[in-house]
Amino acid sequence: MEGHIHHITPRNITASILQQKVAVQGIITKSSQIRPLLQTAVQFCPLDYSTHARDLSHADVMVKLSSKTPDGKPLELEPGLSTYKDFQTLVVQEMPESAPTGQMPRSVIVILLDQLVDKGKPGDRVIINGTLKALAGPNHSSTFKVVLEAENINTLQSEGPELTEIDKENIKKVMKEENPINLLSKSIAPSIYGHSDVKKAILLMLVGATPKIRLRSRVRGDIHVMLCGDPSTAKSQLLRYVMSIAPLAVSTNGRGATGVGLTAAVVNDPDTNQRTLEAGAMVLADRGIVCVDEFDKMSIEDRAAMHEVMEQQTVTVQKAGIHTALNARCSILAAANPSNGNYDVKKSPMENLYFPESLLSRFDLIFIILDSSTEELDRRLSQHVLKMHRHFDALTEQRGDDEVNVLALVDAEREKIGDAPVYQDTSLYEGEKLFTNKFIKKYVTYARNLPTPSLSESASETIADAYVKLRENERLKRIKHNFKIKTLPITARALDSLIRLAEAHARIRGSDTIDEIDAQVAVQLIFYAHFDENWEGNITTDIARKVREYLTNELIAECKDVIQFDDILSICGIDKPTLMKILPQLSFGYDEDEEFVYKQN
């Protein structure tokens with residue numbers, strides 16, 4: 001096509017551009033079945049036995065046939081003598097990440113003819129060239145319906161913002177740093193105190209790995225992460241932050257989400273009364289991230305609908321005569337609260353969440369986030385929050401004619417193309433350089449598009465040793481706790497998780513090989529998520545907190561004289577060497593020979 005073409009989204013469609021050539025960018029949310037459309041209509045008059053042929057190849061697709069001749073004689077359609085062409089309708093909606101906050105995404109009906117039918121399916125991101133036309137509404141209403149008569153369809157292959165040469169140079173400089181994941185993770189939700197390992201996992205999830213074909217079976221490359229724990233531990237805030245830095249993200253809430261709303265639904269088209277296929281959130285987020293808050297509020301049946309998406313990354317539809325499979329190649333970031341309010345460390349994650357093991361094993365990482373309380377930690381947290389309030393940027397919302405939606409402005413900023421500023425201009429974190437959200441988004445986009453790194457021999461050995469140790473740790477804990485394990489299940493999927501995490505870290509470094517350092521980062525996150533310790537057996541603050549809380553409750557609240565080592569090891573799920581590393585840090589006395597702990601005067 002030649003001449004000026006308006007490049008628009010469904011939100012920009014107005015009466016001023018009707019009957020003009022446009023290029024509409026959006027995502028296909030609904031597709032109809034293919035039906036025949038009259039191309040040459042042959043009509044028969046039963047009074048004089050005459051036939052009348054009418055060429056409709058250049059007429060509007062919704063034109064109505066006349067039922068009478070010019071002199072008033074009746075006409076009947078002869079279907080056998082008429083000719084037809086293929087006809088299909090799509091609904092194209094503006095991109096979820098570009099819709100202004102607080103407003104419904106807008107859509108436009110697209111008409112496909114002949115060779116264009118079946119060129120797009122729900123979930124595809126497309127640019128459709130065609131002509132905007134107005135169709136009369138029912139009952140000769142003065143309002144019209146806008147449709148786009150397609151002339152060409154291009155499927156978008158790349159996601160994320162456009163990178164300039166300066167952006168690429170800045171990204172390569174960061175990749176050459178000694179430990180880029182530490183630099184980047186500090187810039188992820190900097191207003192949230194702590195959770196360094198969780199932020200690293202989120203960064204690895206955003207970058208992801210490459211799906212692979214292994215013995216004719218597809219192995220996913222997307223990383224799934226769940227955040228579970230006590231209320232007020234910033235789980236939802238982390239999800240909201242991911243929405244702002246992910247190149248493509250769709251948000252949903254478990255309280256109102258249904259299985260078909262997350263996957264796909266077969267609905268009736270009100271105009272044609274035909275069955276149409278409508279894409280759900282996971283199909284719309286193909287090659288992106290799905291953030292599911294209140295994951296524990298979903299029903300068992302709705303959560304079961306996610307099993308296929310999380311492992312096979314497709315949505316199979318077998319309803320109302322429609323048999324198809326839609327792509328849902330997305331990562332899942334879920335946040336859940338324990339069923340009893342606060343997380344009970346004496347119970348397993350399955351008992352705390354009432355989730356089946358088949359679902360939990362599909363997550364690569366499940367972080368148990370507890371509301372830890374020590375005097376030092378509380379003081380640091382309060383200082384961090386107070387510093388934020390002293391240095392916050394005031395956002396003024398004006399009402400009336402000049403009303404400004406601050407969040408909508410933030411979303412609109414995503415669409416701007418240009419050099420991204422590298423560092424934030426803030427006085428909140430003195431002495432630290434934090435990357436801007438725009439730069440992190442471009443960094444993630446660049447890393448995702450790098451060639452697939454190859455697995456080195458040293459990394460393979462590290463991953464294999466770690467997997468064996470994971471299984472051994474789980475077996476020992478099952479025996480120690482009479483097969484009532486307090487940690488997450490270790491299945492063969494954990495081995496694939498280690499490989500995916502290591503590959504994502506290699507992409508962050510810009511390396512063409514997965515080295516031992518990448519494997520060590522992956523192993524560290526897996527061990528921290530499963531056992532609250534690193535793979536070398538070092539003690540984490542959460543383990544020490546568990547022991548401190550148990551001893552405080554038994555010796556002070558329950559007024560017991562002594563606590564035997566065996567009771568501590570059984571309740572806290574640790575071994576004696578670990579306990580002996582923790583006890584010197586606590587304000588309790590202990591006798592290593594007699595193996596008991598007592599309250600000091």
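The backbone N, Cα and C atoms fix where each Cβ goes, and this holds for glycine too.
Around S232 (ATP binding site), the same-chain residues at least 6 positions away in sequence with a Cβ under 8 Å from its Cβ are D371. The annotation ATP binding site is assigned in Swiss-Prot to G229, D230, P231, S232, T233, A234, K235, S236 on the grounds of sequence analysis.
The feature domain 'MCM' is assigned by Swiss-Prot to 180-386, with sequence analysis given as support.
Sequence-remote contacts of a segment are chain residues at least 6 beyond its ends whose Cβ falls under 8 Å from one of its Cβ atoms, and for the motif 'Arginine finger' (361-364) they are 223-226, 307, 310-311, 332, 334, 489, 491, 493, 497, 500-501. Residues or ranges marked as motif 'Arginine finger' by Swiss-Prot: 361-364.
Secondary structure of the motif 'Arginine finger' (361-364) per DSSP (helix as H, G, I; strand as E, B; remaining residues coil): 0 helix, 0 strand, 4 coil. Residues L227, A335, N337, I369, D371 surround the recorded ATP site, their Cβ atoms falling within 8 Å of the Cβ centroid of G229, D230, P231, S232, T233, A234, K235, S236, which are themselves excluded.
Under DSSP, S236 (ATP binding site) is assigned to a helix (H, G or I) in the three-state scheme.
Minimal Cβ crowding within 10 Å, among the binding-site residues G229, D230, A234, K235, is found at D230.
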